[in-house]
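*Asks:* Input: one structure, supplied below.
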Amino acid sequence: MEETTKQNNMKKKKKILLHSDDSKKKERHIVTWSPEEDDILRKQISLQGTENWAIIASKFNDKSTRQCRRRWYTYLNSDFKRGGWSPEEDTLLCEAQRLFGNRWTEIAKVVSGRTDNAVKNRFTTLCKKRAKHEAMAKENRIACCVNSDNKRLLFPDGISTPLKAESESPLTKKMRRSHIPNLTEIKSYGDRSHIKVESTMNQQRRHPFSVVAHNATSSDGTEEQKQIGNVKESDGEDKSNQEVFLKKDDSKVTALMQQAELLSSLAQKVNADNTDQSMENAWKVLQDFLNKSKENDLFRYGIPDIDFQLDEFKDLVEDLRSSNEDSQSSWRQPDLHDSPASSEYSSGSGSGSTIMTHPSGDKTQQLMSDTQTTSHQQNGGELLQDNGIVSDATVEQVGLLSTGHDVLKNSNETVPIPGEEEFNSPVQVTPLFRSLAAGIPSPQFSESERNFLLKTLGVESPSPYPSANPSQPPPCKRVLLDSL
């Protein structure tokens, strides 16, 4: 029993001694220097120099040679540098460490102005920075790595977006790739400075502002393809899109603008004069336009259904008159003529006449040609300089009037139009001048309201026929009469 207790006590003593030794090793020994010791160190260095550190350390009781050397180079010597390191010093430090290893005293001799402790601390800092940059570069390489599980799409602006094949369906990937422009599909957009990117998505394109000539005769089909905007969809094959874009200096745009100015000036002239002679002069202007257009070979750009523009001109005159005069005195009472022996019916007003179709196509075509020849013979030699409405330059530039210019000479004439006429293709033309009555719906009246309105307007019997020009609606009064 006594032996066992002795052994246990011996073990406890050994543990206590080991613990005390470890605690002493873990304790940091801080060396302090007093001002008196610093003065002694300076005096000994001035006498012995910086080579005999053992003699200098013997003058102190608790200072070693290493401590004396560090105190001198780190704090007391003014020749050593303090502060940041330059790139040249970092390069020299790395080269010296590669040659001498971790012998910092030798490295400090190479790197002038730095102590061995400063050299060691700087090298440790450089190693930490290098490890940090290598870790960041490794992360960037992993992120930019392309593998089968994580695919990236590179956009033209340099942005890459990962797409996972497992989580997305083929339809989703197709939709996300549909808006990415293909570099081979980037074409020049005419003569403009920007480019046009043709997307692979199926979009409805609007036809350009162009004139469609149906009965124009040309030597080859290239000119018709330039005038007609024909957009074709490509099904995996290379098919060129045929589009027409009018430039600012195009003769067609100039002709359209001159035609608008012509109609406006004619309407103002007729409204200002307010006589039958001014109306006849206006029709002579239109006839002269046709002659000029045929001479200049600009008629091939004309629109076949241009007769609606003549009605629009008369509607414009009527609207100007109704805005300046009183409503009761400005509107002319229509003369209704309905002969049972003929199939022609006309209802004339101050703004124009209603044109009805004739059952026989050959006779009406002959009548139209006779009317045109007589009007050309009568008005071919007359000029417009006396009226001062439009100049010769304007007459030469405008070539967009059809044969419907000589439909009427005054508001009471009626000219039939063939009921059946064959065209190569349907005409789809945006009207150049829309009437304000286009957006007004036709009213519905009862029998008593209809009779009251007829008596108020001075009309004995209602018009049994609606308007014969469905493409362009007549003014408000004719809409009201036709609805009754």
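Our numbering is plain: 1 for the first residue shown, then up by one each step along the chain.
Backbone N, Cα and C atoms are what each Cβ position is placed from, and that goes for glycine too.
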*Asks:* Per Swiss-Prot, which of 104-127, 248-271, 296-319 is DNA-binding region?
*Replies:* 104-127
*Asks:* Could you tell me which of the ranges 13-20, 277-284, 429-436 is annotated in Swiss-Prot as motif 'Nuclear localization signal'?
*Replies:* 13-20
*Asks:* Under Swiss-Prot, which of the candidate ranges 53-79, 134-160, 458-484 is annotated region 'Disordered'?
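*Replies:* It is 458-484 that Swiss-Prot annotates as region 'Disordered'.
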*Asks:* Just give the helix, strand and coil counts over the domain 'HTH myb-type 2' (77-131), going by DSSP.
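*Replies:* Helix, strand and coil residues of the domain 'HTH myb-type 2' (77-131) number 37 helix, 0 strand, 18 coil.
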